[in-house]
Amino acid sequence: MAEKFDCHYCRDPLQGKKYVQKDGHHCCLKCFDKFCANTCVECRKPIGADSKEVHYKNRFWHDTCFRCAKCLHPLANETFVAKDNKILCNKCTTREDSPKCKGCFKAIVAGDQNVEYKGTVWHKDCFTCSNCKQVIGTGSFFPKGEDFYCVTCHETKFAKHCVKCNKAITSGGITYQDQPWHADCFVCVTCSKKLAGQRFTAVEDQYYCVDCYKNFVAKKCAGCKNPITGKRTVSRVSHPVSKARKPPVCHGKRLPLTLFPSANLRGRHPGGERTCPSWVVVLYRKNRSLAAPRGPGLVKAPVWWPMKDNPGTTTASTAKNAP
């Protein structure tokens, strides 16, 4: 008698029918799907006997459900990478490890043009001006906190303007008396020499280098005829000049004492006037008369006149007998 060839679960005869052998038992397709089939981790449906099955680390998928978790590309016949319980294709794996654009928050993959600033990256077209929204790309820009501005918008909103040319100062600016200047605009009004870091003199809102001030602006000293200049950068300079005085005159001859370089100017006439050596006057203390003038060739030195009657001072007789 022939052995019965029946389904292990429903006992239906399997002769002439499709069946599946599972764990040493034979079962019809219907019972296989019901009792033996693995469940797809993607769609949560049984993987029937007539379906293709993909498995990885005790997990099972329909071949059509085995796709990249990012781009949904089918991976049944391709290489893949499992990361954080996700199945990824090679391209998405690269993107997963790639930096994210600060503008669109998408991955920057190999071949994408990008801009990097202080550890942050953007797609080239995502790096735009915070004001006008124009693409900055790889052009010049100015950072302001978390914002970035193109050159034009920065000049309009933030840049100082030169007091001379009224153009924006983007680099190389200087400040003088709380006013901003381009370094190329702050120059000597005469020779156009740059004055930044140099000594200069300001005269009525005009600025001169040291040489031009000496040659063209500075007043000349009445005594030495040299220019009156300051020793530091000031708006006004001064020169210590005494008021002009008439030269002292000899009481006797009424001649300027400058004609007598050897004159001792401390010798004085009793009236307080200075006397040249040729006209030394001798004062007699008692009668306060004047002695006759001595000849120019006979005078050797002026006489010192005592200002007070102190003991031991020169008397009239000693002055008279002086050689």
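Using N, Cα and C of the backbone, Cβ positions are placed for all residues, glycine too.
Not measured: the values here are computed from a predicted model.
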Query = Pick from 7-31, 132-156, 257-281: which range does Swiss-Prot record as zinc finger?
reply = 7-31
Query = Looking at Swiss-Prot, which of K86, K124, K160 is flagged as SUMO2 cross-link?
reply = K86
Ask   = Across all chains shown, how many C-beta atoms besides its own are within 10 angstroms of the C-beta of K86 (SUMO2 cross-link)?
value = 14
Task = Please list, for the domain 'LIM zinc-binding 1' (40-92), how many residues fall into helix, strand and coil according to DSSP.
result = 3 helix, 17 strand, 33 coil
Key: Taken over the domain 'LIM zinc-binding 1' (40-92), the model's mean pLDDT   = 83
